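What TrEMBL says about this one:
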DOMAIN    4-94  domain 'Pyrroline-5-carboxylate reductase catalytic N-terminal'
DOMAIN    157-259  domain 'Pyrroline-5-carboxylate reductase dimerisation'
Amino acid sequence: MSLRIGVIGGGGWLAGALLRPALAKGIIDPAALILSSRKGAVSGFEAWPAIAVTSDNQTLADGSDVVILSVRPGDLDQLTLDLRGKLIISVMAGIPAADLATRYSSDRVIRSMPNACAEWQQGFTPWFATEAVTGSDRDIATRFFAASGKTIEIPREEDLDYFTALTGSGASMPALMADAMIGDAIARGIAPEIAEMAVRQLMLGAGTTIALGAAKPGAIVREFYDYGGTTAAGLKAMMDGGLPQAVVDGLKAATDRARAYAIRQSAPDA
Ligand SMILES: NC(=O)C1=CN([C@@H]2O[C@H](COP(=O)(O)OP(=O)(O)OC[C@H]3O[C@@H](n4cnc5c(N)ncnc54)[C@H](O)[C@@H]3O)[C@@H](O)[C@H]2O)C=CC1
Ligand SMILES: O=C(O)[C@@H]1CCC=N1
C-alpha cells in the first residue's frame with residue numbers, strides 16, 4: 001500500500017504480529033510506515049530499517065493517512081490526538097467506534113478484533129465499519145488484515161465483544177486444553193519432553209483436521225462418539241464433567257470483560 005500508515009503502540013505484541021506478515025508480503029511499504037512507542041524505540045522490525053519510529057503520537061498522526069490504534073484499553077485516556085481526515089483502524093478490545101470517532105475527531109473508524117495467531121499468518125480478524133468509511137477504506141482494511149490470515153467485515157459492532165472472547169483470545173483457550181493434557185501425561189510418568197512433543201503434534205494434527213477437513217467439528221466429535229470405543233468413553237467423561245459448559249462460561253466471562261471496557265470508558269468518573 002502506498003498510503004502512509006502510523007501505528008500507535010506499534011512496538012506491542014499484537015501490532016508486531018499483524019505488521020510483520022504485511023511487511024514480509026509487501027502489502028505495507030516500510031518507508032511509508034511509522035510506529036510509535038512510549039520510549040521511541042521498538043524491536044522486532046530489524047529486517048525493515050526504513051520504518052520510522054517516534055514517541056510523538058501527533059507527529060505520527062500528522063504524517064499518516066491511516067492511523068492504527070494498538071494500545072491497551074487502559075492507556076487510551078492518555079492518548080490525546082487530532083485524527084481529523086484520517087482513517088482510524090482500532091484493534092483494541094471493547095472500545096466502541098463512536099467513542100473513538102468522538103475522541104479523535106474522525107468519523108471514518110474501522111473497529112477490528114484480530115488475534116496473535118496473525119504472527120503465523122493464521123489470524124482471524126472480523127471488523128466493523130462506521131457509516132462514513134469508504135470503499136477504498138474497506139479495501140485497505142481487507143488487504144492489511146488478509147496479510148495475516150482470514151478477515152471479514154461484520155454488520156453488528158456489538159458482536160466484536162463476543163469475538164474478542166471467541167477468537168481474539170488466539171491460541172490461549174486451546175492451549176489450556178493442551179496444557180491440561182501435558183500435565184496429565186507427566187503425572188502418569190511420561191517424560192515431560194515426550195509429553196510436550198506428543199501434545200504439540202496432536203494440536204497441529206487436530207487443528208489441521210478441524211480447520212481444513214471436510215467434517216465440521218461437531219461431526220468429528222459424533223464420529224468418534226458413535227464409534228463406541230476408547231475415545232467415546234473419554235469424550236463422555238469430559239462432557240459429563242462439564243467441559244462444554246466450562247467453555248461457555250469462559251467465553252461469557254471474556255465477553256463481559258470486553259463490554260466492561262466500554263462501560264468504564266464512557267463512565268463520567270472513568
Ligand atoms: N495481544 C493480543 O492477543 C490481542 C490484543 N488486542 C488488543 O490490541 C491492543 C494492544 O494489545 P497488545 O499488543 O497485546 O498490548 P502490548 O502491551 O503488547 O502493546 C501495547 C503497546 O502500546 C504502547 N503504548 C501505550 N501507550 C502508548 C502511547 N500513549 N503512545 C505510544 N505507545 C503506547 C505500550 O508501550 C506497548 O508497547 C489492546 O487494545 C488489546 O485489547 C486485540 C486482540 C488480541
Ligand atoms: O486478553 C486481552 O485482553 C487481549 C484482547 C483480546 C485478546 N487479547
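Including glycine, each Cβ sits where the backbone N, Cα and C put it.
Confidence across the domain 'Pyrroline-5-carboxylate reductase dimerisation' (157-259), taken as the mean pLDDT and rounded to a whole number, stands at 98. DSSP places the residues of the domain 'Pyrroline-5-carboxylate reductase catalytic N-terminal' (4-94) in helix, strand and coil in these numbers: 27 helix, 19 strand, 45 coil. Mapped onto DSSP classes, the domain 'Pyrroline-5-carboxylate reductase dimerisation' (157-259) shows 84 helix, 0 strand, 19 coil.
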